[in-house]
Amino acid sequence: TFEGRVEVYHDGKWGTICDDQWDDRDAEVVCRQLGLSGNPKALSWAHYGQGSGPILLDEVECSGNELSLDQCKKSDWGQQNCDHIEDAGVSCDPFTGTDLQLYAIQMWSGTVRLAGGRSPSEGRVEVYYNGDWGTVCDDGWTDLGAQVVCRQLGFR
């Protein structure tokens with residue numbers, strides 16, 4: 001998914017981030033670190049539910065240009081004054097006006113095929129992921145998604 005509570009792994013443990021100073025610039029860095037583009041939004045007050053375990057970071061203040069949270073100004077690991085009700089979240093909305101299918105197809109960059117058609121230029125759209133072929137749900141499917149598939153398969 002492209003949104004949720006932000007958790008970080010440090011010293012053998014997963015933990016949450018306190019939302020003190022948490023803003024869209026921090027969200028932009030998280031989205032970038034995850035390889036997601038779109039419209040980053042910071043969410044506070046355990047918007048995606050309270051985590052469990054340690055709260056590992058607090059007072060995160062990114063400029064928005066960093067490649068990872070490690071490069072941002074922040075408290076020392078484990079130094080915080082928060083409760084899980086303050087767990088930070090992020091939405092890395094990649095859709096900004098496009099369909100889920102279009103985004104999914106672009107993510108698989110070329111590992112797309114058509115199956116079950118009467119000719120090589122038609123059929124069910126399938127994508128290759130984690131060693132398996134799977135289908136693409138048609139919820140919200142439009143001509144734009146079909147154009148992307150056709151272009152990736154070399155059809156015009």
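Glycine residues also receive a Cβ, built from the backbone N, Cα and C atoms like all the rest.
According to TrEMBL, the feature disulfide bond maps to Cys18-Cys82 (among others). If you draw a 10 Å sphere around the CB of Cys82 (disulfide bond), it holds 18 other CB atoms from the protein chains shown.
Here TrEMBL flags Cys31-Cys92 (among others) as disulfide bond. Spatially close to Cys92 (disulfide bond) yet at least six residues away along the chain are Phe2, Glu3, Ala27, Val30, Cys31, Leu34, Leu36, Ser37, Gly38, Asn39, Pro40, judged by Cβ distances under 8 angstroms.
The disulfide bond annotation in TrEMBL covers Cys62-Cys72 (among others). Within its own chain, Cys72 (disulfide bond) has Asp26, Val29, Val60, Glu61, Cys62, Ser63, Glu66 as residues 6 or more apart in sequence whose C-beta sits under 8 angstroms from its own.
Summarising the annotation, TrEMBL assigns domain 'SRCR' to 1-93 (among others).
Marked as domain 'SRCR' by TrEMBL: 112-156 (among others).
For Cys18 (disulfide bond), the same-chain residues 6+ apart in sequence whose C-beta sits under 8 angstroms from its C-beta are Ile55, Leu57, Asp58, Glu59, Gln80, Asn81, Cys82, Glu86, Asp87, Ala88.
A sphere of 10 angstroms centred on the C-beta of Cys31 (disulfide bond) encloses 23 other C-beta atoms.
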